[in-house]
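> Dropping the structure in here first, questions after.
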């Protein structure tokens, strides 16, 4: 698998994400600039956490206009795999890759803590190394992580199996306890928890490693569950 991490001005999880994918999961992973307009060399493109362009206006609202986003739309439309984590999730919703929106947390506070998740769909490119019902603990760090969608969209997400991760104890008010969703075709995932911060036992556990191992399995056809 060859992956790219888009490093926007204000991104602060780009190096962490590259490290998790390259040094822990063992895949190729480049950092690329938001001015890049050709993504055809990659199997997976990752949009990291942080505060892209200072999150002025609102989270992800400026990053969505970066030149790389047009290339990312073409990449996703051609079936390439895209994952947005935290601010990356916000960027993907702003740019229309994913349904719904991320609002201020229910209590209007920035939340930085480990949270419990359950795996709702283990049949995606991002979750095939888990099993339905698996309990995960991943860190969150966000002020605008409260997932909102209208009732019709929420019903479609549930019916289509697009909810991949769900909070066990909802920390931020997200509707249906949603922590991570895919697009309708299943090749784009947005999630607020940070899997890249949970890939080593010494640093908070390895529950997030399965996200990256799933992508390796999807793109290379190699089941790497034994490495977890």
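Yeah, the Cβs are placed from backbone N, Cα and C, and that goes for glycine too.
According to Swiss-Prot, the feature domain 'Glutamine amidotransferase type-1' maps to 2-225, an assignment based on sequence analysis. Feature annotation from Swiss-Prot assigns active site, nucleophile to 86. According to Swiss-Prot, the active site annotation covers 194, 196.
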> Hey, how far is residue 196 (active site) from the residue listed as 'active site, nucleophile', Cα to Cα, in Å?
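A Cα-Cα distance of 11 Å.
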> Which number gives the other C-beta atoms within 10 angstroms of the C-beta of residue 194 (active site), all protein chains shown included?
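Result for residue 194 (active site): 24 other Cβ atoms within 10 Å.
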> To the nearest Å, how far is the Cα of residue 86 (active site, nucleophile) from the Cα of residue 194 (active site)?
7
> If you average pLDDT over the domain 'Glutamine amidotransferase type-1' (2-225), what do you get?
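That region's mean pLDDT is 96.
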